[in-house]
């Protein structure tokens, strides 16, 4: 039996948006869905119970970081990642490809795999597609990723073509190495930079390999938004309708809406948790930097329209005070709010698809939030 099962429930009549159900070994997920990021087996500042309270059904964790610390063998001894971190809902792990790409000066790419130095202590390591599968098998996540090379932006055509070829070869090797297919679904990752022919070729060749789902990687790495949207549009066209599609590392409110319109089902991003720790929050009227002086005597909630724990109980003035005093609670309250905001946004998007009014929803949301409708 397959580890996951995707059911397409409804398609939007005027866009490529889809409403779906993704069944995993650790629960059923309504899509489109946003996945909070728990890089080191924790969503920063949140307990698993709090994540459940805000409606998170799946989180993301990171193969590269967990391999280096505490080590996948230790997590395996603990009974797997779910038990280790006390999270009984679904987990997706990424392959570490993006993290190694970020270490440009500390890595060497070969056909066999990638040699890199740990960002923690400088020790040498070697990742192959097989090794990455072995690590993720030990972690026991529900959805795992093929090892890929995330080409930088900008990069010339030849470099990206070679990088794409490598990603396809690695996907094949990873698929052969993956034995735990009944409990873990392996996704192929579509690369190809901003080159349409490469994206098309990569998608088609991965689809021939018949993965249970497909990721769109190598975007949101510095390219203009309209270019990213065009590539997503083009890529989803070549992906099967009966499999989930995951846009990696994308999670601002406008990107979530635009991604859904282009047929994406799953998203993840560190943005909501990272900006929360720096005192920036999402509101229905746009971003707000709560640590700024104007909020010193503002006793209204972060967002009048939000019913998260933070907004029901605390004022902007209080949260600003916590940030100014470097109190840990500041990051916790802002993180709870930001993740709740995005999870609620996805709920509203799903409802808009259900009612066939996603474009109207986008128009209203963008106008209120302060986005220009230029895409």
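Cβ atoms are placed via backbone N, Cα and C, with glycine included.
Per Swiss-Prot, the features are:
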ACT_SITE  94  active site, proton acceptor
ACT_SITE  268  active site, nucleophile
BINDING   94, 95, 96, 97, 98, 148, 191, 218  substrate binding site
BINDING   306, 308, 311, 337  Zn(2+) binding site
REGION    249-255  region 'RNA binding'
REGION    273-277  region 'RNA binding'
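Broken down with DSSP, the region 'RNA binding' (273-277) shows 5 helix, 0 strand, 0 coil. Each residue in 100, 101, 145, 146, 147, 149, 150, 189, 217, 248 lies on the same chain as 94, 95, 96, 97, 98, 148, 191, 218 and has a C-beta within 8 Å of the C-beta centroid of that substrate site, without being one of the site residues. Counted within 10 Å of its Cβ, the other Cβ atoms near the residue listed as 'active site, nucleophile' come to 22, all protein chains included. Taking every protein chain shown into account, 96, 97, 218 are the binding-site residues, and of these the Cβ with the most other Cβ atoms within 10 Å belongs to 218. Averaged across the region 'RNA binding' (249-255), pLDDT in this predicted model comes to 98. Long-range Cβ neighbours of residue 306 (Zn(2+) binding site) (same chain, at least 6 residues apart, Cβ-Cβ under 8 Å): 283, 284, 337, 340, 341, 344. DSSP gives residue 308 (Zn(2+) binding site) a coil state; it is part of no helix or strand. Binding-site extent for substrate: residues 94, 95, 96, 97, 98, 148, 191, 218, maximum pairwise Cα distance 15 Å (rounded to the nearest whole number).
In three-state terms derived from DSSP, residue 191 (substrate binding site) belongs to neither a helical nor a strand segment and is classed as coil. Close to residue 311 (Zn(2+) binding site) in the fold, though at least 6 residues off in sequence, lie 301, 302, 303, 337, each with a CB less than 8 Å from its CB. Within the same chain, residues at least 6 positions away in sequence whose Cβ sits under 8 Å from that of residue 308 (Zn(2+) binding site) are 54, 336, 337, 340, 341.
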